[in-house]
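Novice: One structure coming up, written as structure tokens, with questions to follow.
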Amino acid sequence: MKIWLLLGLLLMHEALEDVTGQHPPKNKRPKEPGENRIKPTNKKVKPKIPKIKDRDSADPTPKTQSIMTQMMDKGRFQKPAATLSLVAGQTLELRCKGNKIGWSYPAYLDTFKDTRLSVKQHERYGQLTLVNSTAADTGEFSCWGQLCTGYVCRRDEAKTGSTYIFFTEKGELFVPSPSHFDVVYLNPDRQAVVPCRVTVLSAKVTLHREFPAKEIPANGTDIVYDLKRGFVYLQPHVGHQGVVYCKAEAGGKSQISVKYQLLYAEVPRGPPSTTILASSNKVKGGDDVSVLCTVLGEPDVEVEFRWTYPGQKDERPVTIQDSWRLIHRGLGHTTRISQSVLSIEDFETIDAGYYICTAQNLQGQTTVATTVESS
């Protein structure tokens, strides 16, 4: 009986050793010393990716710094808004920080050499002062710093300032025009502007055709209204020609602008199209001779002429006369003819040779030549 009891206890002890894991299973590798003994779990963990600033996406161009301030009452200064409304008669004083400041203001003030305008450069700032302001002074006022090397200066685009100012005046909803009838040329290769600018920011402006009488809608695709420019024809064509005017309404009052004649110009923009012709290419001594230089171009593009001729070095007296006129070629097409005539009296041997004419406009220049010989 005791033998069976001892045998049972021995078998129970063997079973307990297997359960407590004192003998490692044959199908599992024993852990090496120092090996991580933390059991892995099946939980998925989203890796954290550190945020890296994209240097390439940063704008490398420096931010423009506004250098303009406006003189307020009691000696206070503040940066002007993009648009300002001032009552006509007020004094305007603008300052721009810098020891070399360039200015731009409505061309009206330059055209008439207006003494109401004063521009001064001080040691640390530029100053623009306009006294006795009127509705005609409405427009863009801007300034910029200048980077100079010797006598050559260039605009510093990082230091600029600008504001568009409406000078409101009783009875003047439109910026006054020096004439009662203006001409606007329509070119197929660029925008055309009917300059109906107002003096009141909140004014409602419409465009009208005189005959047949109707309103011309500014639909945003063919014609748009720009507060600072007027009605802009985005793609002018022959059908736009005619007489138009603008109507402004503000504060229960309305006003009609001057009339504008829209003329279509078919000559494309570019350097002058120039020809030269002598009254005779063989001239006898003592006779008179003239050389004509002609340019066909756009109606609103001015042309300048320069001459080179045989007797120029010897200061041979010549007469040079420039002129221009518009030619209407039907269907509203208009061309400008600019001419320069060089005339010589009592032709001499010294006058024989090449006569060279150079015509220049804003797009470039063209040089033509002809010979005049002594017969």
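One-based numbering along the chain as shown.
Glycine is treated like the rest: Cβ placed from N, Cα and C.
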Novice: Determine, on the basis of Swiss-Prot, the cysteine among CYS196, CYS357 paired with CYS293 in a disulphide.
Specialist: CYS357
Novice: CYS143 forms a disulfide with which residue in Swiss-Prot, given the options CYS96, CYS153, CYS196?
Specialist: CYS96
Novice: Rounded to a whole number, how many Å is the Cα of CYS143 (disulfide bond) away from the Cα of ASN219 (N-linked glycosylation site)?
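Specialist: So the Cα of ASN219 (N-linked glycosylation site) lies 34 Å away from that of CYS143 (disulfide bond).
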Novice: Taking the domain 'Ig-like C2-type 1' (62-159) alone, what is its mean pLDDT?
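Specialist: Summarising the domain 'Ig-like C2-type 1' (62-159) by its mean pLDDT gives 88.
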Novice: In Å, rounded, how far does the Cα of CYS293 (disulfide bond) sit from the Cα of ASN132 (N-linked glycosylation site)?
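Specialist: Cα-Cα, rounded: 47 Å.
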Novice: If you draw a 10 Å sphere around the Cβ of ASN219 (N-linked glycosylation site), how many other Cβ atoms fall inside it, taking every protein chain shown into account?
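Specialist: Total other Cβ atoms inside 10 Å, all chains included: 8.
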Novice: With H, G and I counted as helix, E and B as strand and the rest as coil, say where DSSP puts ASN132 (N-linked glycosylation site).
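Specialist: Coil, per DSSP.
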Novice: Just jot down the residues in the same chain as ASN132 (N-linked glycosylation site), at least 6 apart in sequence, with C-beta under 8 A of its C-beta; none if empty.
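Specialist: Listed in sequence order: GLY89, THR91, ARG116.
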